[in-house]
Amino acid sequence: MKGTPSFGKMNKTPTHVRCRRCGRNSFNARKGYCAACGFGRSKKIRRYSWQNKKVNGVRLV
C-alpha cells in the first residue's frame with residue numbers, strides 16, 4: 001500500500017529521541033544525527049551566532 005494510508009503509520013514511533021551528547025530530545029533515530037548539537041554528523045558541536053538572544057534583543061556569545 002502507498003500514499004495516504006501509509007502516512008498514518010508514521011506517528012507510531014518517535015522521530016526524535018534523547019541525544020547522548022547534548023541530552024536534548026533532538027536525535028533523529030532514523031537519520032542517526034542530532035538536530036540540536038550535530039552528534040552523529042560531525043565531531044564539532046553545532047553552533048551558530050544567531051542561536052541565543054537575550055530578552056532585550058542583545059545576542060549572547
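Think of each number as a place in line: the chain as shown, counted from 1.
Keep in mind that glycine also has a Cβ here, set from the backbone N, Cα and C atoms.
Note that the coordinates shown come from a computational prediction; the quantities given were computed from them, not determined experimentally.
According to Swiss-Prot:
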| type | residues | note |
| --- | --- | --- |
| BINDING | Cys19, Cys22, Cys34, Cys37 | Zn(2+) binding site |
| ZN_FING | 19-37 | zinc finger |
Completion exercise
Densest Cβ environment (other Cβ within 10 Å) across the binding-site residues Cys19, Cys22, Cys34, Cys37 belongs to Cys34
Handout entry: Averaged pLDDT, computed only over the residues in the zinc finger (19-37)
Key = 95
